[in-house]
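**Q** For G8, V9, G10, K11, I12, G13, D33, N95, V118, S119, N120, the entry in Swiss-Prot reads NAD(+) binding site, with the evidence type similarity to another entry. Here Swiss-Prot flags R82, R88, N120, R148 as substrate binding site, drawing on similarity to another entry. Per Swiss-Prot, active site, proton acceptor is recorded for H172.
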Amino acid sequence: MTKIAFIGVGKIGQTIAFNTIMDGYADEVMIYDIIPELPEKFEHELRHALASKRLKVELLSTNNLDDVAGADIVVITAGKPRKPGMSRRDLFVDNAKIMMDLANKLPKKNHGAVYIMVSNPVDMMASVFARYSREFVISTGDQVETMRLRAYIAKKLKIPVYRVNGFVGGEHGEDAVVLWSTVTVNGKPFSEDLGVTKAEVEDYVKKIPGEIIRVMGGTTWGPGTIIAELIRAVALNENKVMSIATPRQFEDEIIHVSVPTVVGSSIGPSLENLLDEKDRWNLMASMKDFYNVYKENLKHLETSIQAQ
């Protein structure tokens, strides 16, 4: 029996939950949000969609976090959304306080679940939740960037996207790095002779989220589908290779930075050792930068809490 809980059902939470439920494999789905009536009305929408597809999924909607219990997978999308012109790191203090509260409450009735962090800045929120909950947390990491990479190369070369492989790693967002030693086209290593440059690809992967947010107010459909695929891989033990952020010790903190990793009911191993030297160096540089910013943000968080 697969029991999945969604904590927060704003735009991205709704999209992920909808895609997950329409897959039809979940036995029970719990929907929580702090906004009155939102979970209940969203449940009605889901029931109508399930009726159309003739699918049977038990649904529970609630504004009471205590009702969320016994989940195998907990997907956290709660928090303030990223607005136009705002970096993911700008969100840190406000959303970290939410994660601290959830970390104190959720494990009491969901101990041993796999926690999947979606709230931005996602890798830092995963690290905060793990720090205060001591539970196993993964971040959706750079799997979204990975799909953007593949989609762009396929479009530029006018080939089916399944002929493009490769991964993005490091911290999710503006500082993500393309792991070029993993990128192949038609099974062969990527070459600029194909008609698209590395710089062009990297520029697209970094800038397209901001452009979508500027026009559409947020990135929803791509991430919503991609993250639902991650949930499915965990729930059904699919053992897919995905670029997610898993916990790792870095100096005195547990941090989350993405590397290609086998994802199933258990997470790992990572494929970091298969990367070339340049990609490994770029990953280490990303980890160091993440750690330094994370530690600085933790200081701001502590100062903000003390000032309350």
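Note: Cβ is positioned from N, Cα and C throughout, glycine not excepted.
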**Q** Who sits close to G8 (NAD(+) binding site): which same-chain residues at least 6 apart have their Cβ under 8 Å from its Cβ?
**A** Y32, D33, I76, T77, A78, G79, S119
**Q** Looking at the recorded positions G10, V118, N120, H172, whose Cα is closest in space to that of R148 (substrate binding site)?
**A** H172
**Q** Max Cα distance spanning G8, V9, G10, K11, I12, G13, D33, N95, V118, S119, N120 (NAD(+) binders), Å?
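**A** Taking every pair among G8, V9, G10, K11, I12, G13, D33, N95, V118, S119, N120, the longest Cα gap is 17 Å.
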**Q** Just how many other Cβ atoms lie inside 10 Å of the Cβ on G10 (NAD(+) binding site)?
**A** 18
**Q** Can you tell me the CA-to-CA distance separating V118 (NAD(+) binding site) and H172 (active site, proton acceptor), as a whole number of Å?
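**A** About 11 Å separate the Cα atoms of these two residues.
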**Q** Going by Cα-Cα distance, which of the binding-site residues (G10, I12, N120) sits nearest to the residue listed as 'active site, proton acceptor'?
**A** N120
**Q** For D33 (NAD(+) binding site), which of the three DSSP-derived states applies: helix, strand, or coil?
**A** coil
**Q** Of I12, V118, the binding-site residues given in the record, which has the fewest other CB atoms within 10 A of its CB?
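**A** Selected from the binding-site residues I12, V118 on minimum Cβ neighbours within 10 Å: I12.
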**Q** Just to verify: the residue among N120, H172 with the fewest other Cβ atoms within 10 Å, which of the recorded positions is it?
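**A** Candidates: the recorded positions N120, H172. Fewest Cβ atoms within 10 Å: N120.
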